[in-house]
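*Asks:* Okay, here's the structure, questions in a sec.
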């Protein structure tokens, strides 16, 4: 009872603090989306991303970097084809061949641009994943606000879904390596007089439009909630994407209007905006209705994945047209708890996809290495827009592509010879079927999966390959000794993530007590490619034999103790922006940034390139701890700030401008801060040049 009272009080406080008034939404559909976004934000804020400070167990004489190695320990962590090739047991690296079939970078096409063979194989791959349980296990992730806090209601919405969709595409490619996850451009359906007339809602494509889906390739799919079938209510409310919505997104110049604060609270400097991508993406959800209407059930419907593939395409179009290559990987709104939950902070873990962080979803590697997008269908391809399922509409202003209509569709307004009716003709303003009747898709034999799947738990995905590989690894060779000293209980926030195997957060398929062994099938290959030196922490723990680490035990290497805060002789240099000074001891037990430039340094990747300094001096910006104050606004983060400011500490102590913003009068926006920190870089370089002379 007490727990429910606390939650009720929290939600009442949230209502008071929220500056988002859903009653002002421009349409009923956006109002529905607004309420859903607000509910998700409430629940996510009630389940913080970190439950306490992350304190790395110490090693005598060493500064421990609280960061993961870039080695992919399971297939979902892969970011290039060479990595996928290893897990798919193929040959050829980036020119991979798996069981005689090529495995390469894919080009995602619009769903109606697929050939009949491609579409049928895609449907079969979805059915295979449904039958073996992998579809449902991934779909459940989208419903878990406590485990997937960054999925909605803030700036991580687009990066989080990019990774989520990537994982479904990997599952599809495990069934058929030549396939990709197409995108559904709902504007093609919206361009019809009545979008419900689209052939999308027929046996050949998505099946029933209303009620339970009992025909088509996904008929009688039991949902993760154990309902007998997917449900839809196409066109009851909402609509598909419009060109105006797309152009509004592509025309933005402020990243905070793309990676947007969709549920801001009072005090957030960004006002509510119902035109940001998270809101406009909701229209097609509500238009399809049924399971797609609610966040918790949307992923039951396969059209969810194609819709989010299109959302990802729009984001990539923005990235390519408005951002430089470098900016694509760094531009992210400033962390501010008055604007979003901590789950959306730049350096927060992208749960449940740890060890990824939200900023990792900005990586160019997705579209450099894994997939690209075919252009949206265009009338430049001719009267059929390049597909037998589309046509070029010349009767409603500028030529535009639209999807063809099923029998009884309203074709009366097409006056310029368009072939708008699929396998039929327009008679008296209605589509009439011709001599060819639309037939159900042919039955095809299930494709033999490239990999097989074993379930280890209900909450996380583990892939079992033909040569069986686990994803249960420690990230550091000291995890075992730390665990033996009780760190799993003393320091669970760090240990349960970085030392999963030793803290029994998962079940390894190897003998964790062996001192000299290779725990991963790929250890020998990684050793030959230099990973023992590039990624010594992970490799020294999991590839000890291949890295020739057997001559010294883990316990001998990891002698000493204490926490990261007690490290007295760190050797890591600070960022170049820190006036060229050596690192100082990490002696602050509190959760603060020590420098006003920490957010900018974090944006520039210093948390990873220089973790020894950053995880000590920039704890908040690097996601190392959870502050017990509201980080982000123009405020004082310590109750003594005013007194310290009166004593002149604002000019003496670099800690003050960051944490006593109001008392020190150092409130700046992200652009001003970036300029200020850039000046420090120039000054540092100038002083270094003088010293050299």
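Cβ coordinates come from backbone N, Cα and C, glycine included.
The annotation Cu cation A binding site is assigned in Swiss-Prot to 142, 152, 161. As annotated by Swiss-Prot, Cu cation B binding site applies to 281, 285, 308, with the evidence given as similarity to another entry. Sequence annotations record features per position, and here Swiss-Prot assigns disulfide bond to 472-506, 479-499, 488-503, 516-550, 523-543, 532-547, 591-625, 598-618, 607-622, 634-667, 641-660, 650-664 based on sequence analysis. Under the heading domain 'ShKT 1', Swiss-Prot lists 472-506. Summarising the annotation, Swiss-Prot assigns domain 'ShKT 2' to 516-550 and lists sequence analysis as the type of evidence. If you look up Swiss-Prot, you'll see 634-667 marked as domain 'ShKT 4', on the strength of sequence analysis.
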*Asks:* Going by DSSP, give the three-state secondary structure for residue 625 (disulfide bond).
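*Replies:* Where residue 625 (disulfide bond) sits, the three-state DSSP reduction gives coil.
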*Asks:* Provide, as an integer number of angstrom, the distance between the C-alpha atoms of residue 488 (disulfide bond) and residue 152 (Cu cation A binding site).
*Replies:* 31
*Asks:* Report the nearest neighbour of residue 622 (disulfide bond) in space among the binding-site residues 161, 285, 308, comparing Cα positions.
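*Replies:* Result for residue 622 (disulfide bond): the nearest of the binding-site residues is 161.
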*Asks:* Cα-Cα, whole number of Å: residue 516 (disulfide bond) versus residue 660 (disulfide bond)?
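*Replies:* Each residue's Cα considered, residue 516 (disulfide bond) and residue 660 (disulfide bond) end up 51 Å apart.
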*Asks:* Using a 10 Å cut-off on Cβ-Cβ distances across all protein chains shown, tell me which of the disulfide-bonded residues (516, 607, 634, 641, 664) has the largest neighbour count.
*Replies:* 607
*Asks:* In this predicted model, what is the average pLDDT of the domain 'ShKT 1' (472-506)?
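*Replies:* Mean per-residue confidence for the domain 'ShKT 1' (472-506): 86 out of 100.
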*Asks:* CA-CA, which of the disulfide-bonded residues 547, 550, 634 lies nearest residue 142 (Cu cation A binding site)?
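*Replies:* Looking at Cα distances from residue 142 (Cu cation A binding site), the smallest one goes to 634.
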*Asks:* Using the Cβ centroid of 281, 285, 308 as the reference point for the Cu cation B site, which residues of the same chain not in that list have Cβ within 8 Å?
*Replies:* 161, 282, 284, 298, 304, 307, 311
*Asks:* Where does residue 499 (disulfide bond) sit in DSSP terms: helix, strand, or coil?
*Replies:* strand
*Asks:* Inside 8 A of the center formed by the CB atoms of 142, 152, 161, which other residues of the chain have their CB, for the recorded Cu cation A site?
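*Replies:* Neighbours found: 148, 151, 157, 160, 164, 295, 308.
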*Asks:* Would you mind sorting out which of 285, 499, 503, 523, 660 (the recorded positions) have a C-alpha within 10 A of the one on residue 547 (disulfide bond)?
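*Replies:* 523, listed in sequence order.
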*Asks:* Out of 142, 152, 308, which of the binding-site residues has the smallest number of neighbouring Cβ atoms within 10 Å?
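*Replies:* Looking at the binding-site residues 142, 152, 308, the Cβ with the fewest others within 10 Å is that of 142.
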*Asks:* Counting only residues 6+ apart in the same chain, whose Cβ is under 8 Å from the Cβ of residue 479 (disulfide bond)?
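*Replies:* The answer is 495, 498, 499, 501, 502, 503, 541.
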